[in-house]
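Some notes on the structure that comes next.
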């Protein structure tokens, strides 16, 4: 007992529709895109479409590289099962139990089917962090003291340092290295944008290739942890199994996009440099400058 009552939550920690960090990042990049769209009519000539495509591609890559740092669906899994709801209670509930693994921690969700059962609203979403400034076991201990539902504690216990599963260290280290390579990819993306605007096209293509390589390396780091042997997560006859989530595949697709764009810039620079200059609006500016000098001379 805790102050004369069982230590259970009086209410639920409901799932928020989206992470506030995502909202900030997306708002910033959408504001930048809106600004570029406003000034788009001021771009003259045939290069208007190419200029707009470059802006959209650049903002998309930057937004993805920055956002996936904070997403929590690199690896996901769901299971529907009949399970006990609380400790020291025989009450059984039918619920969907979800496991979402990110670079900085684990999210465990519990949603009743239906949501209202045994006179309670069953809709939980709990985060257990293992980033540099967080202690996973401490967060798990707080969940025990707070009286989280048994399915959430059961899943979260699999990732503690004392768990015989032994997956905490692998996921934590691989998440840190993947996050580090993604921050490096964000820096190389910024450098590529700067080089393309100067314009130094060949080295901008090299920076895009480096961005793609870093993003793919982050997937490799996460892949090493994903393929370590895991303890089964059983809820009676049902088993909770996970697979690569949306953030993993979005990172893979964006890395391939950067690889394709970087190779295209390098190949065009060596084979058909005039077409590359046309894509970056260099020919028209040069032609206008030559015409201006000719008129001045005449």
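Every residue gets a Cβ built from N, Cα and C, even glycine.
Between the listed ranges 203-225, 272-294, TrEMBL ties the annotation transmembrane segment to 203-225.
Nonlocal intrachain contacts for the transmembrane segment (91-111), taken as residues 6+ away from its ends with a CB within less than 8 angstroms of a stretch CB, comprise 15, 69-85, 117-118, 122-131, 134, 136, 149, 151-152, 155-156, 159, 171, 175-176, 178-179, 182, 222, 233, 235, 240, 242, 245, 247. Beyond its flanks by at least six residues, the transmembrane segment (20-39) meets 52, 55-56, 59, 62-63, 66-67, 70-71 of its own chain at Cβ-Cβ distances under 8 Å. Counting residues 6+ beyond its ends, the transmembrane segment (177-197) has Cβ neighbours under 8 Å at 54, 58, 61-62, 65-66, 68-69, 103-104, 203-205, 207-208, 210-211, 214-215, 217-219, 221-222, 251, 258, 280 in the same chain.
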